[in-house]
Amino acid sequence: MEKPRGTEEAPSSEPMEEEEEDDLDLFGGYDSFRSYNSSAGSESSSYLEESSEAENEDREAGELPTSPLHLFSSANNRSLDGSGSEPAVCEMCGIVGTREAFFSKTKRFCSVSCSRSYSSNSKKASILARLQGKPPTKKAKVLHKAAWSAKIGAFLHAQGTGQLADGTPTGQDALVLGFDWGKFLKDHSYKAAPVSCFKHVPLYDQWEDVMKGMKVEVLNSDAVLPSRVYWIATVIQAAGYRVLLRYEGFENDASHDFWCNLGTVDVHPIGWCAINSKILVPPRTIHAKFTDWKSYLMKRLVGSRTLPADFHIKMVESMKYPFRQGMRLEVVDKTQVSRTRMAVVDTVIGGRLRLLYEDGDSDDDFWCHMWSPLIHPVGWSRRVGHGIKMSDRRCDMSHHPTFRKIYCDAVPYLFKKVRAVYTEGGWFEEGMKLEAIDPLNLGSICVATICKVLLDGYLMICVDGGPSTDGSDWFCYHASSHAIFPATFCQKNDIELTPPKGYETQPFAWETYLEKTKSKAAPARLFNMDCPNHGFKVGMKLEAVDLMEPRLICVATVKRVVHRLLSIHFDGWDNEYDQWVDCESPDIYPVGWCELTGYQLQPPVSAEPNTPQKGKDTTKKKKKQFGKKRKRIPSAKTRPLRQGSKKPLLEDNLEALGVSEPVPDDIIAVCVKEEHQDISSLDRSPSPQLPLPIESIKQERNN
C-alpha cells in the first residue's frame, strides 16, 4: 500500500504486546490516559514513568520531535533578555525560567516543592530498583515525573470533565454541550477552511496528507461484540479536523456515512490493528454481503493511501505548550486598554491562556492565545515606555491554587516575536493620521492618530473623535501590525471607513480632513502590506473567538477577504457583531479544533430566540446590543458584562437596560498577529447570505 513519506516504519515507542482492555492502545505508542487525573494512583505513576522513559529514549534516537521546552536546555548559555540571565528547566516539572529565580544553589528546580518531590521519588525509585535486583544507577529515576505527551494526550482525548473556574465547560462536558459540525456542513453544503490555513494549530503543515479517498482503520460502531473491534473506512470528505467516513463494503451507499475527528483515539492508519493484535470485523449491516472479505479488502487497499504511522504521536507533540500554570506576565488591562497589568497563567487549553490579574478578584480573568500581541514578558512595559498599572494593593490570593503555584516570570522566548524595524530614513511621528481597526469595535476601521511613538517599533494610537480626553482609550499596535493601514486603504478596497465622531462632511475625504486638521498622513511605505497565499475564501466555515467575550469560541463564516484581512461573521448573529481579523490571527481555528482540545464551541442561534426571558425585556432593541452575546453561556456566577460592537463603555446605561448586578466593563483590545512576507492575490467576492438553522442556546451546567 502506498503511504505518505515518513510512514514506512512505526515508531519504536509503540508497544507490541496485547493489552487486556481494547481502549488502552492510544496514539500508536501511548497507553491509556484514563488515570491521568488521579496523580496519586500507583498505576498512573507507573505509566507516567514508563512513558517518560520511552519518550526520552526515542527523542535521543531522533524519532520524536523535540518539544519547545527541550530547546531551552540546549541554549542555556544564551541570555534571556540581554540582562545576562540564563534559562533553566526544572528537572521535576519541566517548567522554563531563569536560573536566578530557581530554587537551591544548583538551580535544578523551580521551587522547594519540586526539589522535595524529586528527592522523595528518587529514593523510592532506588529502593524499588534494589528490591527488583537491579544495580543502582548514578542518575535516579523519578517515579512521578509526568511525560508531556501523557498530560497533553490525556487532555487531547478529553478524559477530564468539569468546568473551569469561570464556568467554561471542558473535556467531555464541553463535547456533550457541543455542536454537530458534520450535520451542519452536510445539510447546507458548506465548505470548511482547510487546516493548512491556520499556522497556529496542530499539524497544520502536514494536513495535505489527509485527502479524499484515503483509507483508515476506525472503531466499528455497528458490531455487537464484547470487545472493541475495528473496520476499514474511506475518507469521503474532509472539513477541518473532521472527516466524513464510509465503511468499506457500503460502496456507493451513503446511508451509513459518519463524521469523525481525526485527532480522536479511534482512527488509525492501515496496519495499526495488525501491529496491535486488534480484530477487523465488518459492520453487522453488511456482514453477509461478501463471503471472502479478505480478498475484497486486498483489492480495495491496493494503491490507496493512509495516515502516517506517527500521525497521532505528532499530533500530541504539536500540542505541547510551553506556558504553564503559575507563570507571570504582562497583559493589556481590559478595563483601560492604554495600559497593562500583571497577570498569572491559570489555565492552558490548546494554546489559549486564561490569565488572572494579580491585583484583581479570583475570577477577574482574561483569555487570549499564547501568540497574542496583548501579552508580554515582565518588564516589557518599562522597556518600551508603555503604561502599566502599578498597585500597592494586592488581593489575598493565598486560597487560590494558581497563585499558590507561582513559579517564575515567563521568559521572553515564549512570546511571539515581532518584526524588527528600522527607523532610518523617516519613521512614524506623533500626530500622523492613518486607518486602524478599532479595538473596542472590531468590526470598524476608523480614522486614527498616532499619539505616541514607543521603543521597539510600538505605537500608541487613538481613534479620532473618541470620548476620552485623558488618553485612556489609546491602544498599542506594533508598526508591523496588519491592523493599521495607510490613508485611503478603505477607499481603495471598498471598505466602509468610520469617520471621526461629529465629522459632518459626507462622504469622508482624506484630503479635506488632513487640510482641516492641519495634519499629515503616515507614509504608505511604513506599513507592512505583505500578503501570503493564505487560502481563505468567502463562505468558508471556521471556529472564531468572540474578541469582545474572548472565552467564547463560536461557529463563524468568512464573510469577506481583502488581501490578508478577513471579515468574520458569527453565524446566527447580526452583522453588527462582525469582526475584522488578520488571516494569521491566533483567534480563528479550523472546524473541529474545539472538539480536539475539549473546549466548548458556541453553536449558531437565531437572531430572535423564542425564549420567555425575551418577553420580559422592555427595551428589546438595546438589550440585544448589550446582552445578546452574553446569553451564549450564562455563567454560574455574576460575570463582567461584555458589550456589543457600538458602545463599549456605557456602564451608566446598564441599570436602564434592566441588567441585574452590573460590574465594571471588560474591554478586549486589538486582534493582531505577527506577519510573514508572502504574496497573494486579492479576493473581494461578495459575501453570500447563508441560511441558518434555528438552534437552541447551549447553557453551562452549574457545579
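For all residues, glycine too, the Cβ spot is worked out from N, Cα and C.
A quick note: this is a predicted structure, and the numbers were derived from the prediction, not measured.
Lifted from Swiss-Prot, the feature list:
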- Cys90, Cys93, Cys110, Cys114: Zn(2+) binding site (BINDING)
- 179-283: repeat 'MBT 1' (REPEAT)
- 397-500: repeat 'MBT 3' (REPEAT)
- Lys405: SUMO2 cross-link (CROSSLNK)
- 508-604: repeat 'MBT 4' (REPEAT)
- Lys647: SUMO2 cross-link (CROSSLNK)
- Lys673: SUMO2 cross-link (CROSSLNK)
- Lys698: SUMO2 cross-link (CROSSLNK)
- Lys698: SUMO1 cross-link (CROSSLNK)
When the number of other CB atoms within 10 A of each residue's CB is tallied over all shown chains, which of the binding-site residues Cys90, Cys110, Cys114 has the maximum?
Cys110
Averaged across the repeat 'MBT 3' (397-500), what pLDDT does the model get? Just tell me the whole number, please.
88
Determine how many residues of the repeat 'MBT 3' (397-500) DSSP places in helix, in strand and in coil.
14 helix, 34 strand, 56 coil
According to DSSP, folded down to helix, strand and coil, what is Cys114 (Zn(2+) binding site)?
helix
